[in-house]
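*Asks:* Quick one: this structure, given as structure tokens, is what I'll be asking you about.
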Amino acid sequence: MLHLLDAPVSVNGFVCKNPMEVNADDFFKAANLDKPRVTNKVGSNVTLINVMQIAGLNTLGISIARIDYAPLGQNPPHTHPRATEILTVLEGTLYVGFVTSNQPAPNRNKLLSKVLNKGDVFVFPVGLIHFQFNPNPHQPAVAIAALSSQNPGAITIANAVFGSDPPISDDVLAKAFQVEKNTIDYLQAQFWENNHN
């Protein structure tokens, strides 16, 4: 019979290891973040290291990601519901930005954007829709992002809206986007790939 004191303690949905059993491997991953990654059809690949890969991150409130961008590739508009992100460019150039959330006029849904070069840093506040785009048609780009959560989550806007299962009614989406239903049907028929590994 399992006694309450013997039961594993769970914090944030993850089991906390007995401190007497913790070892260095609980805080380590041979992630090879120095190696380039193959990009997908939108031209990016996000390699996230969070509490799912390193158990020792539980309750520490941080994670890290390497993002690879093909020439003209993008990390499409997305949001992290549980984290602020700080991104630095390691190679290449990126056009980045985020949109404020329904502020009073005249700043309603204001785009704040910058072109970043190697070594530049940009912050994306928690929960706001943001993106990165490599404007160079000949060279890839690479960035590292730190996130203020052990499990930041990622909601890619197009995937969520047009790739839901079951699909959101085309009546709802046609009215929301003020387009014809056949446009919504076309968008819903696309293969919406997740670039967040």
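Every residue, even glycine, has its Cβ placed from backbone N, Cα and C.
Feature table excerpt (TrEMBL):
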type	residues	note
DOMAIN	31-185	domain 'Cupin type-1'
BINDING	Asn75, His80, Glu85	oxalate binding site
BINDING	His78, His80, Glu85, His130	Mn(2+) binding site
*Asks:* Long-range neighbours only, meaning 6 or more apart in sequence with Cβ under 8 Å: which ones does Glu85 (oxalate binding site) have?
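*Replies:* Expected: Val123, Phe124, His130, Ala145, Ala146, Leu147, Ser148, Pro152.
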*Asks:* Can you give me the same-chain residues 6 or more apart in sequence from His80 (oxalate binding site) with a CB-CB distance under 8 Å?
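*Replies:* Phe124, Val126, Gly127, Leu147, Ser149, Pro152, Gly153, Ala154, Ile155 - these are the non-local Cβ neighbours of His80 (oxalate binding site), listed in sequence order.
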*Asks:* Can you give the mean pLDDT for the domain 'Cupin type-1' (31-185), rounded to a whole number?
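*Replies:* Residues in the domain 'Cupin type-1' (31-185) carry a mean pLDDT of 94 in this prediction.
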*Asks:* Just counting, how many other CB atoms are there within 10 A of the CB of His78 (Mn(2+) binding site)?
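*Replies:* I get 21 for this one.
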*Asks:* Have a look at the binding-site residues (Asn75, His130) and report the one with the fewest Cβ neighbours inside 10 Å.
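*Replies:* Counting other Cβ atoms within 10 Å of each of the binding-site residues Asn75, His130 gives the minimum at His130.
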*Asks:* Identify all same-chain residues not among Asn75, His80, Glu85 whose C-beta atom falls within 8 angstroms of the centroid of the oxalate site's C-beta atoms; report them in sequence order.
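*Replies:* After dropping the recorded site residues, what remains is Val46, Ala65, His78, Thr79, Ala83, Leu87, Phe124, His130, Ala145, Leu147, Pro152, Ala154.
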*Asks:* Other than His78, His80, Glu85, His130, which residues of the chain come within 8 Å of the Mn(2+) site, judged by Cβ distance to the Cβ centroid of those residues?
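*Replies:* Not counting the recorded site residues, we get Thr79, Ala83, Phe98, Phe124, Leu128, Ile129, Pro152, Ala154.
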